[in-house]
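Participant: The structure that follows is given in the form of structure tokens.
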Amino acid sequence: MGQRLSGGRSCLDVPGSLLPQPPPSPPPVRRKLALLFAMLCVWLYMFLYSCAGSCAAAPGLLLLGSGSRAAHAPPALATAPDGTLPRLPFREPPVTQLAAGKGMAEGAESQEEQSPEAQDSPSPISSFFSGSGSKQLPQAIIIGVKKGGTRALLEFLRVHPDVRAVGAEPHFFDRSYDKGLAWYRDLMPRTLEGQITMEKTPSYFVTREAPARISAMSKDTKLIVVVRDPVTRAISDYTQTLSKRPDIPTFESLTFRNRTAGLIDTSWSAIQIGIYAKHLEHWLRHFPLGQMLFVSGERLISDPAGELGRVQDFLGLKRIITDKHFYFNKTKGFPCLKKAEGSSRPHCLGKTKGRTHPAIDGEVVRRLRDFYRPFNRKFYQMTGHDFGW
């Protein structure tokens, strides 16, 4: 047993160089480089994650208008009189050439609505994170009013890193409700934790079914209404339609059922939208007043930072949009944002905003102010705010 080999070693003895050796440990420098690279990757991820919101907060050049040149929301679908207003003591007019002109005006408004000018245009950083987050139903909706300044307000809010909004008007609660909430949710942008999903469709405010439908989606939805002097709003509404259909009747002829008797035609959508108190009654049956914020379209022009401060407080957001985001454009005569969302280049609302209003007979304007006065007073009482119209 155990023959000895030459040199006195056993046959079981094997040279150490022939046994498997453990891998050599990496040099200290290589280990440090690997650790440094890993830390760099983590830092880069966190930097891009934070930029997904903060880089989008760069202010943008956004044109606002006032008076006859106000920049406002895309037109909203005109609803039937019996669907938006309680019965008023005016008879239905016979079908005349004037009534046909009103129909043409309503058709032009609807046609312009079908091609919203503001589509989603996410920033490069937002696009990088397009696969991050999740799509949520909106927690806040700008529900009105048409030609009140809703487009400007939405674009202002999109500067905030914690706001993600649909650019085009979804018109879900007035036109597409039968498509279901899953379809509606899919229209929304993806949001990260802590961000708010929003949309704006001004025609919701005058749609009889909208309050109950939004409440059925979520009773906690916050509602924002941008309101404006109803007389100026009606003229702006008419101006928009006139730009599409130059052959429609004059503002004066569309305003009255009987001009001699001074009877205002409340069946014309340009008039009925401005009876804010009547529409608000429907909303207060489904939402408490505390869940609604009424933004002054006039103050959105004269003090945009102040109004945006109120909106940010209402939404529970940090006041990031301040005076530093705005400057006064002397050429246009309106306040503007310095930079658009996710862009370093100036941007203004489209040419469809801020149209010059036609000259309106002063007597017609006076009669309209008399007509709206009691409705305005009731609206002030309901909201607890005097807008000074």
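Every residue, even glycine, has its Cβ placed from backbone N, Cα and C.
Heads up, TrEMBL stuff is auto-annotated, nobody curated it.
So TrEMBL has the following annotated:
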COMPBIAS  116-133  compositional bias 'Low complexity'
DOMAIN    138-378  domain 'Sulfotransferase'
ACT_SITE  LYS147  active site, for sulfotransferase activity
DISULFID  CYS336-CYS348  disulfide bond
Participant: Which has the fewest other CB atoms in a 10 Å radius around its CB: LYS147, CYS336, the listed recorded positions?
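Facilitator: Minimum Cβ neighbour count within 10 Å, taken over the recorded positions LYS147, CYS336, occurs at CYS336.
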Participant: Take every residue in the domain 'Sulfotransferase' (138-378), average their pLDDT values, and give the whole-number result.
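Facilitator: Overall, the domain 'Sulfotransferase' (138-378) comes to a mean pLDDT of 91.
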Participant: Whole-number Å only: compute the distance from the Cα of LYS147 (active site, for sulfotransferase activity) to the Cα of CYS336 (disulfide bond).
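Facilitator: LYS147 (active site, for sulfotransferase activity) to CYS336 (disulfide bond), Cα-Cα distance: 18 Å.
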